[in-house]
Each structure stands twice: as C-alpha cells, then as structure tokens.
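Undergrad: Among the features that TrEMBL reports, signal peptide is placed at 1-22. If you look up TrEMBL, you'll see 31-307 marked as domain 'CN hydrolase'. Look at TrEMBL and you will find GLU80 tagged as active site, proton acceptor. Annotation comment: TrEMBL describes LYS179 as active site, proton donor. Here TrEMBL flags CYS212 as active site, nucleophile.
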Amino acid sequence: MLPSQALLPAVVFALTALQALASDTFIAAVYEHAVILPDPTQEPVSPDSALALMNKNMDVLEGAIKEAAQKGAHIIVTPEDGIYGWRFTRESIYPYLEDIPDPMVNWIPCTDPSRFGPAPVQERLSCMARNNSIYVVANIGDKKPCNSSDPKCPSDGRYQYNTDVVFDPQGKLVARYHKYNLFRSETQFNYPKEPEAVTFETPFGKFGIFTCFDILFYEPAVVLVSKMQVDTVLFPTAWMNVLPFLTAVEFHSAWAMGMRVNLLSANTHNINMAMTGSGLFTAEGPAAYHYDSATEEGRLLLAELSTHPRLSPTYPPATNWSLYATSIKKFPGGNDTFLGAVRKDMFTFSELRHKAGNYTVCQGDLCCHLVYQMSKRKGEVYVLGAFDGLHGSLIKYHWQICTLLKCPSTNLSTCGQPVQTAQTKFEMFSLSGTFGTSYVFPEVLYSGVQLAPGEFEVLRDGRLKSKHGTSKPLITATLFGRLYEKDLPHPLRTSL
C-alpha cells in the first residue's frame, strides 16, 4: 500500500536523512534572487497589499526551491530582503512583519498555521520545505510587543527584527536568528538585546546562521565557528559590492577559507545597487559561485560539500599569519611611499616600479611584504599597500590589510579607487604581513571580478602565494585581517 499523502513528506524526509547519514557529503543550494520591490512609501500599506508583494517574491523562490530539490539538494539558502525588499521606514515595514516564535515550541506552520496568530509567510515557507523535503532558509521580519516595564521599549510599543528562519524537510521551524549588526540604513529594525549564536543539527552536519553585515564581527560570526564549532554557515545577504576588498564573492570566499568552514552565501540581485555575488564556499576555495553585474536575472547554484570539513583529509592546516613576515628584515629598495584612500581609509602605498622586486610597506603595527614577478608589464600601475586602523561609520571595526593592488590609471592619486579590469599577469607573487590577529582572510581577484580557485595557496607561515602564475590579469591579491579586540563597542553596548 502506498503511504497516504499526509505521510509522504515524512517518509521522503526519513529516506533523505538516511542517505545523508551514509555519506560524507551533502548537496547544498543557494539562490540569488532579483527581488520584486514595493513602491516607496512613508505610510504603511494594507496587510493584503503587503502579502501580495511577498507572494510574488515567494512564487519565484518556490520555483528555485523545487528545482533545487529535484536536483538533489538537501538545503537551500535564499537572500536577505528576498521576500519584501527594502525601501522601508520603521512604520512602512510593519505590515510585512510576522510574530516568529522560538523554535523550541516545536511548530510546523504548514499543518498548524494559526497557532501563533496570522503567519501566512511562515506557513508558505514551511509548506515549501515540507512539500519538497528540503531545508529552506529565508529572511523575513519579526515583531515583538513590549511595554513601559521595559526601559528599552520603542515608543511604538514593539521591537522589529531583521530575522532569518530555517524550516526542516518536515516543515518544522528549527532556527530563528535576529540580526545583531545592522547596516547603517536599517533604521526600520531594532538590535536584539544580546547577540545570538544560533545553531541546529542536521543529518549532514552542524549548522550556524547569521546575516550580511554580521560576517565582519566577532559576534556572532567568529563565535559560531570558533566556539560553537559549526561545520557550515548559512548566510542570507544583501551585499552591495565595494571594490577592491569587499565584493561579495571575493570576501565571502576569503572568509570561508580563513575560518575553514563551509559558507552558503545567497545574495539579492539588483545591479542598480551593485548587489550580486553568491556562492557555495569551502575551506579550500569556492565550490560554485556567481557574479553578474550585467543582467537582472536570478541564479540557482548547487554544489556537493563536505559534511564535516574538519574531518576531511584535505582540510587545510592552521596558519600562523605573522610567522614569515616577522622572521625577516625589511626588503631593500623601492620603498618610497605615499598615502592613498580606499574609500575613507588612508592606506600607505608603494609603487611597484619594476617588472620584478621585493617590497615592504608599513603602517601602524602592520608591515606588509611582497615578492613578485610580472609576466609582461602592460603599462599599468600596481602598488603594495598597508592599512592598520578603524573602519566604518555607525559601527567601527579594526582592519589590518596587506594588498597587491592595481590602480585605475597611471596617476598615483587614483590608487585605491575601484577597478574591475586589468591586463597584467604575474608569473609569481608572495604576500605576507606582521598581523596581530589569527583571523586573516586571503583573497585573489582577477580581471572581470573573477575568483582564482586552485591558483594560489596559503602556506602555514602566513604567505599568500601564487602556484603557477596567474591565468588571468590580476586586480588584487589581499590578506584581510580583523583585529576584533580593537573594535569600538557595539552601538547597543554604548547606549546601555
């Protein structure tokens, strides 16, 4: 006898779980979504209008989820703001929010939708997961009432949170995360009172989750990996690409390599706001990635990843990021330096005046060392740069950066400004620095904003080296360090 329709999702989930348990790998998916945006308004729309807009986006997401499941994916991550977009004030976003309970309540919205009041978005996401027997990760908005007994209660009597939710293949809510590090434009949301370290177990590893800007901070990003020992991080994001160091695919790939975990990064897609770049990134480099600044189309990516990366025989060894650089004296020659701005950060640069050479540049406590050999010098200007200081506006955080960087023109005053194309290849480069942190992220970016998987390596003594020269012209080779202990306090901490 065939199982009843009601039991079918549970049977499929059980078979999927057994299959995952028998394997050292799993199939993951991310979807880069071209979000359908609401019309800008200062006033709230009706709940029906808000739900109609969200259903249009969920129609697209459901198609991607079905396709991913049909291709064998066990989990899919969708983007931050992927269901209702942005362009909101605190008041105008309210009709889009739902009350999202703590996952400890053991709730399947698909089968019990009204248990916690109206929750049509959670119901539909839960059914997407249940009907396709796949973990579904989505970003929505949570609302929580408060009153005068809470001294932090906003004047409108509620907290509003940028929130990630995860539904398992039975449709059960298994994770809820409130974004802790809000970007400067997210005035429609509140900070949670404490940073959350959200994890959950699956048949194919331990997962953690956070959102977009969170990736740059100790809490929750480093806590999840270093203290909670997750295998894979789920990362809904709405990332606006900023060359030369903070394009989505570049930094997210580097973060996965530096932290030595899987990162499933799903970005929104909006070329007018420079939003693109998603991927499935591992400790050994990108398994799949997508960067498209030309079209308005979404993209589904899938890849087979290690269930427990730390147990893999190819898992990279730990790196002492300052060992090599602190063991050598400054290289002679070519050390005339000048200051140049990367956005608002003043780097110390030295021009690479020859086809090959050894260079040292220092700023603050950081000295950066470079050995290089160009294949052919194409009349382009490259510099070695160092930065050691605070970055940011509302939230200030400490960077230490060593970079081999192409300038937009032969005018040195342009060095540090964005550039996407190059003509010069390198036969070799070796970049290192006297970092004061063990959290350093290696990046190599080629012309056209392309990654270089398999073409560079990080040695245990902290050197970022090309393996056999660059197959494409080079934009940047960078060691991006985060000195978390020198960060200024989180805005919530300063307001207590």
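Positions of Cβ are set from backbone N, Cα and C atoms, glycine also.
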Undergrad: C-alpha of the residue listed as 'active site, proton donor' to C-alpha of GLU80 (active site, proton acceptor): distance in Å?
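TA: Per the Cα atoms, the residue listed as 'active site, proton donor' and GLU80 (active site, proton acceptor) stand 10 Å apart.
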Undergrad: Hey, how far is CYS212 (active site, nucleophile) from GLU80 (active site, proton acceptor), Cα to Cα, in Å?
TA: 7
Undergrad: Does anything in the same chain, at least 6 positions from the residue listed as 'active site, proton acceptor', have a Cβ under 8 Å from its Cβ, and if so what?
TA: ASN139, ASN162, THR211, CYS212, PRO236, THR237, ALA238, THR268
Undergrad: What mean pLDDT score does the domain 'CN hydrolase' (31-307) have in the model?
TA: 96
Undergrad: Tally every other Cβ atom lying within 10 Å of the Cβ atom of LYS179 (active site, proton donor).
TA: 26
